[in-house]
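Enquirer: The following block contains the structure, expressed as structure tokens.
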Amino acid sequence: MKTSGVFLLLSLALFCFFSGVFGQGAQVDCAEFKDPKVYCTRESNPHCGSDGQTYGNKCAFCKAVMKSGGKINLKHRGKC
């Protein structure tokens, strides 16, 4: 019983770790920036795009995603 409990906890810990690492860069919800009238602030919260470009914040990243027709994805948060 102890062995199966340890195995279960280890499996859960590994799942949480890997889902956080690989899920971080998977998707960004850009719905709030779809309106072309929305202007981006100069807030610094870097996003690294799959194109190797560092975008200043989520808004700037989302505008680039829309301009590219969805070809750019989030590689990770932070500078490239």
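The first residue you see is number 1, and the count goes up from there.
Cβ coordinates are placed from backbone N, Cα and C, and glycine is handled just like the others.
According to Swiss-Prot, the protein has these features:
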DISULFID  C30-C62  disulfide bond
DISULFID  C40-C59  disulfide bond
DISULFID  C48-C80  disulfide bond
DOMAIN    24-80  domain 'Kazal-like'
MOD_RES   Q24  pyrrolidone carboxylic acid
SIGNAL    1-23  signal peptide
Enquirer: Measuring CA to CA, name the entry from the disulfide-bonded residues C30, C48, C62, C80 that ends up nearest C40 (disulfide bond).
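Expert: When the Cα distances are compared, C62 comes out closest.
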Enquirer: Tell me the Cα distance separating C30 (disulfide bond) from C59 (disulfide bond), rounded to the nearest angstrom.
Expert: 8
Enquirer: Give, as a single whole number between 0 and 100, the mean pLDDT over the domain 'Kazal-like' (24-80).
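Expert: Taking every residue of the domain 'Kazal-like' (24-80) together, the mean pLDDT is 93.
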Enquirer: Roughly how many Å lie between the Cα atoms of C30 (disulfide bond) and C48 (disulfide bond), rounded to a whole value?
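Expert: Distance (Cα to Cα, whole Å): 15 Å.
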Enquirer: Tell me the coarse DSSP state (helix, strand, coil) of C48 (disulfide bond).
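Expert: SS state of C48 (disulfide bond) = strand.
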Enquirer: For C59 (disulfide bond), which of the three DSSP-derived states applies: helix, strand, or coil?
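Expert: The three-state answer is helix.
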Enquirer: For a quick check of packing: other C-beta atoms within 10 Å of the C-beta of C59 (disulfide bond), how many?
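Expert: Taking all protein chains shown, C59 (disulfide bond) has 20 Cβ neighbours within 10 Å.
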Enquirer: Quick check on the disulfide-bonded residues C30, C40, C48, C62, C80: which one has the highest count of other Cβ atoms within 10 Å of its Cβ?
Expert: C62
Enquirer: Tell me the Cα distance separating C62 (disulfide bond) from C48 (disulfide bond), rounded to the nearest angstrom.
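Expert: Between the Cα atoms of C48 (disulfide bond) and C62 (disulfide bond), the distance comes to 11 Å.
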Enquirer: Could you give the Cα-Cα distance between C80 (disulfide bond) and C62 (disulfide bond), in whole Å?
Expert: 16
